[in-house]
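Colleague: Sharing a structure, written as structure tokens. Questions coming.
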Amino acid sequence: MSSGLNPAQQEAVNYVSGPCLVLAGAGSGKTRVITMKIGRLIQAGLEPKRIAAITFTNKAAAEMRERAKHLIGRDAKNVMVCTFHALGVRMMREDGGVLGLKPAFSILDADDVTKILKDAGGTTDAATARIWQWTISKWKNMGLNSAQAEAEAADDNERVIARIMARYEERLVAYQSVDFDDLIGMPLKLLKDFPEVRAKWQAALGHVLVDEYQDTNATQYEVLKALVGERGRFTAVGDDDQSIYGWRGATLDNLKKLPVDFPNLKVIKLEQNYRSTSAILRAANNVIGPNPKLFPKTLFSELGEGEPVRIVDADSEAHEAERAVARIQGLRETSQHKEFRDFAILYRANHQARVFEQALRKAQIPYKVSGGQSFFDRAEIKDLCGWFRLWVNQDDDPAFLRAVTTPKRGIGHQTLQSLGVFASQYKLSLFEALFSSSLPSVMPKRALEGLHEFGRYINELEYKARQTHGAEDSRAFMMEWLKEIDYEKHLYDGEDSEQAAAARWTNVMEFVDWMTQRAGGTIDDTSGAMEVSERKSLLEVAKTISLLSTISEREQDQNVVTLSTLHASKGLEWPHVMLIGVTEGLLPFKLDDDNGRQEKVSDDILTRLQEERRLMYVGITRAQRSLAVSWTKKRKKGREMVQAIPSRFIAEMGLDKTTAKEDPREKLKALRAEFAKRAADGAAAAAAAAAAAP
Ligand SMILES: Nc1ncnc2c1ncn2[C@@H]1O[C@H](COP(=O)(O)OP(=O)(O)OP(=O)(O)O)[C@@H](O)[C@H]1O
Ligand SMILES: [Mg+2]
């Protein structure tokens, strides 16, 4: 058990009787401490299911589960390794009833929320809806409901948003849905207001471990505190220099609060970095240097100096992408680490990936875009899947609510709310409740007619879907159905930009293709099988789509180059990392477009600059063996191209430019010298051979 840990790490792993904080820089083995400590706790007699390890993303959770399995074996399976949000889901499925939530509630993603807000606030403008969304989310994270938000509103604008929030809340209740913020806020309410629920969870969990603690927000901290109670059996690990979610409410106050709230907190610092070469680590330390120090830290590496960090200046994005591809190809020739999975290209904003995707495709280099939205997570695809799920299982309440509201068919949220109340009173699914003989006594006639019509339509569709046989039938059926519900118009009504609506419709058509292919009878060339597959009814195909959500998780071990935002790269590592778009205006991101009040703004700018700097630090410290940082001489600003300069962070890395700068001419010179040497060696060998010949 003790192998592969230094004494400070070992101390953190062994200390199981009280609260423990490991505060240390990147790559110092914090995540490793968490993984090993899971094993230590099990060894000390704690049942695996009484251990919760909380990570920041699903991907990180999957990786930790993998690492734990490797270290601990089968027992790891029962440990709860998940995000705060997933833990929240579990608590609400088990105990949400006391808050009036059915166990089968559905979870809305950002797209769904925008849609509901557009409807609740009567706008089609996505930008406006996003501002509402952002404000409401901020309030929810502060623990405010709409009434409290209205009471505390700073101005008329906020008062308006608070009223929209009230309508939004009503809709969530009617739709038996929760948003991401609720996944933290509601569990907190459960723990705070229901002592028996709190007692149950405190007893259920013997130890809670939290990775990336610096990026928890105030509500998450409250959840943690309530879960561990006064005994405070938890281990938090984090690095204040890697706090990059301040814009989403994460707060370093959580780090400062710990020793106050838990006076017996044991604080452990780690100083050795096991990930990166000294050259990379030095650049990282230099970049983070100018930020104010919350907790002073030093980091050293024993992996040797390594390759110098490369600075690449490119004329344009396309040129930058070409250079990146060339670098990958070059390193695949020369480096020890030559698998595609050894490479990552990291950037500040999602849209920067596109040009690189094109270049990689052209060079036939396989890649994946991590942190991007999966096809089946898109709102329009979820809409259609909602209908399919309802044909398959009429008791699927979230699917019912999705289908009945998209597109809108004159059944309002009040009707749905009374239907929901009626259904839970009689313990029926919403669909069953629809045709109950007692429903007319609680439902106005017109509303009832609307509901019945919808119910009949679903039955009819289900019948027809059952009758289809093979791809052609399925396509015809789906196209007719989409026309009947006027789905294309629904998409155009919901978007202010035609382009966005058209993109969604293209996705819908892609989905139709995908479904029909599965209905069989055609040659399925995507599977490579080149066979005529068995014909199925569309209903049979629909039965398989509930399994789809797991698709994206299977991408894990592919041997491909990773494209990722800096935010999504946190906690991960690759032998070769390329940070692209390290151009002033991109990273740090737009610091110059503030136009509010002077003093406040300069404060804001400084705070934001510091967060951007931490983001750069996170990026640099993902690299194990080689790091290249590139910038472009031109960049897009709005619609035009403007002259650009390298990011200030490049200067801050403090590299010796003469050795670090990658100059193709230098490379060529080196190559020529190499060839000349080989030729000379060859000639010498030939001469020697000739001389030795009898
Ligand atoms: N004592 C050790 N001996 C050898 N390798 C170690 C040791 N501790 C950690 N490592 C390795 O160093 C790398 C970084 O460790 P880890 O990911 O746990 O760091 P971290 O502090 O969580 O980093 P980050 O701040 O980026 O999340 C991993 O590859 C890990 O296996
Ligand atoms: Mg980590």
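Glycine is no exception: its Cβ is also placed from the backbone N, Cα and C atoms.
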Colleague: Of the candidates R275, R282, R310, R323, which one does TrEMBL list alongside A24, G25, A26, G27, S28, G29, K30, T31 as binding ATP?
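Modeller: Only hit among R275, R282, R310, R323 in TrEMBL's ATP site, alongside A24, G25, A26, G27, S28, G29, K30, T31: R275.
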Colleague: For S28 (ATP binding site), just count the other CB atoms lying within 10 A of its CB, please.
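Modeller: Taking every protein chain into account, the count is 28.
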Colleague: Could you give the mean pLDDT over the domain 'UvrD-like helicase C-terminal' (278-571), rounded to a whole number?
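Modeller: When the pLDDT values over the domain 'UvrD-like helicase C-terminal' (278-571) are averaged, the result is 84.
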Colleague: Fewest neighbouring Cβ atoms within 10 Å: which of the binding-site residues K30, R275?
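Modeller: Selected from the binding-site residues K30, R275 on minimum Cβ neighbours within 10 Å: R275.
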Colleague: Could you name the residues, excluding A24, G25, A26, G27, S28, G29, K30, T31, R275, of the same chain that surround the ATP site, i.e. Cβ within 8 Å of the Cβ centre of those residues, in sequence order?
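Modeller: For the ATP site, the extra neighbours are D239, L270, N273, Y274.
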Colleague: Could you list, ordered by sequence, which of these binding-site residues: A24, A26, K30, R275, have a Cβ under 6 Å from ligand 2?
Modeller: K30
Colleague: Including all protein chains displayed, how many Cβ atoms other than that of A24 (ATP binding site) lie within 10 Å of its Cβ?
Modeller: 26
Colleague: Same-chain residues six or more away whose CB lies under 8 A from the CB of A26 (ATP binding site)?
Modeller: D239, D241, Q242, N273, R275, A284, L299, Y617, V618, T621
